[in-house]
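Contents: one structure, followed by commentary.
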Amino acid sequence: MPYSLEEQTYFMQEALKEAEKSLQKAEIPIGCVIVKDGEIIGRGHNAREESNQAIMHAEMMAINEANAHEGNWRLLDTTLFVTIEPCVMCSGAIGLARIPHVIYGASNQKFGGADSLYQILTDERLNHRVQVERGLLAADCANIMQTFFRQGRERKKNS
């Protein structure tokens, strides 16, 4: 389902709220929501440190919640909104979950799996391709990451 820019902005703001939860826990602040028919069916935020599990990325949490909501591993007719470009692992999971549309805020130059380093979501060699849109609220999404890294440097300096 195509969403207007106003609707897309609302959903990305919801993803930013999820990222803020991670920031409050000193986790890398990435947030994600999955939307179907205008309703958020999955939410997630980074929780690797808290859970001691490497796979507890925002997208993975949101996919798990959306799978439970739908009672199906296939998340057809959904859109995933995430504050930072999905990493390689999350891009693979997005494809496996059959999510057809991803909208992200800021690029991930270090480990991006959608555009920056790898193009997993659009690779024609794979059996599922995803429509990718980038740059929605990019400055806001980048700013929360910059805040996290600035706070980390301050903690190191003061310890």
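Just so you know, glycine gets a Cβ as well, placed from its N, Cα and C.
What Swiss-Prot records for the Zn(2+) site is Cys87, Cys90, and among His45, His57, His128 the residue it adds there is His57. For the pair Glu59 (active site, proton donor) and Cys87 (Zn(2+) binding site), the Cα-Cα distance reads 9 Å. The Zn(2+) site is set by His57, Cys87, Cys90; from the centre of their CB atoms, other residues of the chain with a CB within 8 Å are Ile30, Ala58, Glu59, Met60, Pro86, Val88, Met89, Ser91, Ala93, Gly113. The average pLDDT for the domain 'CMP/dCMP-type deaminase' (6-133) in the predicted structure is 98.
Residue counts of the domain 'CMP/dCMP-type deaminase' (6-133) by helix, strand and coil are 48 helix, 31 strand, 49 coil (DSSP-based). There are 25 other Cβ atoms within 10 Å of the Cβ belonging to His57 (Zn(2+) binding site).
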